[in-house]
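Taken verbatim from TrEMBL:
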type: TRANSMEM; residues: 6-25; note: transmembrane segment
type: DOMAIN; residues: 66-355; note: domain 'Protein kinase'
type: BINDING; residues: Lys94; note: ATP binding site
Amino acid sequence: MIYFIYAAFSIIVAVTCLITIIFCLKRWFTSSANAVDDQNVEAFIRNYGSLAPKRCRYSDLKKITSSFKYKLGQGGYGSVYKGKLSDGRLVAVKVLSQTEGNGQEFINEVASISRTSHVNVVNLLGFCFETKRRALIYEFMANGSLDKFICNDESANTNCRLEWSTLYQIAVGIARGLEYLHRGCSTRIVHFDIKPHNILLDEDLRPKISDFGLAKLCHTKWSHLSIVGVRGTAGYTAPEVFSRTFGQVSHKSDVYSYGMMVLEMTGARDQKVVVVQTSEKYFPHWIYEHLEHGKDLSLHGVVTTTEEEETVRKMILVGLWCIQTNPSDRPPMSKVVEMLEGSLQSLQIPPKPYLFPPTRANPSTQDTSNSLWTMNMVEETPEDGLQYEEE
């Protein structure tokens, strides 16, 4: 009897010791990881000096947001709250909900946004990084996101609708912002989630690209990259993101998303209602059908002047060029800006985009007559293991 009691006691002691050791090791590893992350944060701040966004503690966020009292919205990456800095500036605080990634990835994202400085890209003012508590502090945009201004609900308040001239300027501003991300900053940034919800408008209705949760960086000399795990938003995501049979993933994937968004701006037709293999038609084909037969496009707002009609048609043609199935047939954003700011007479109706992947023809015999923007590519394998193609 005493033997069994002794054995049971020994087992309990052994299990307790094992649990204690595991707990201590876990705390040690966590502490070590946190120490490394803190070192990365400090190194980032030192490297950027006065240009680095301010680092805030979680307690600071509670003060800024009045204990997260005013919630502005919620997305796939976290909740956004309205706040006020000590100098009186209004801010939007995005508290991230997905914190499984390592701290270095978060710092890399903060660093990539910090590299940007453009009137059409949202400005990052600060960030919070305390183990799994992570947040981004952005400038506050008084008019919210673009999606509420292109609502297509017949029962919606007509006050949400914008003038055609304003929609056009918004489209041009977004194009300039994307052109900057793709070509203008030190490291090329591919956004991968361009949609109305991620376009914010300031008090003057100036558009700013936001939400870089899916953004990827690549060296400026590479145009194409192979990546895993990018999803985007249904209705706006380029076909090559889902299947490489459509082509290489690149900055042209953002061009596709932009084109779908511009078409939605002109047609007030929410991309989420487009369902494949049902009675609902593929949205671009619906537009082509109406253009070819001169039908009413049921356009967002009322076109009352010849100038407005030309503006709308220009936006539609540019949008259709941007959503070409083959990425090489899509114009770069620099060309998109040029097309939008040019004359309507200089634009041709592009080929109708198809729903199936292009045939893999021999490059020497492939017909490129429909491709006005084809770039010559040479395949390379860079040191980072990703596959790119050099321009």
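Cβ atoms are placed via backbone N, Cα and C, with glycine included.
A TrEMBL annotation is a machine prediction, not a hand-curated record.
Under a cutoff of 8 A between CB atoms, and with a sequence separation of 6+ in the same chain, the neighbours of the residue listed as 'ATP binding site' are Tyr77, Gly78, Ser79, Val80, Ala135, Leu136, Ile137, Tyr138.
The average per-residue pLDDT of the prediction over the domain 'Protein kinase' (66-355) is 81, rounded to a whole number.
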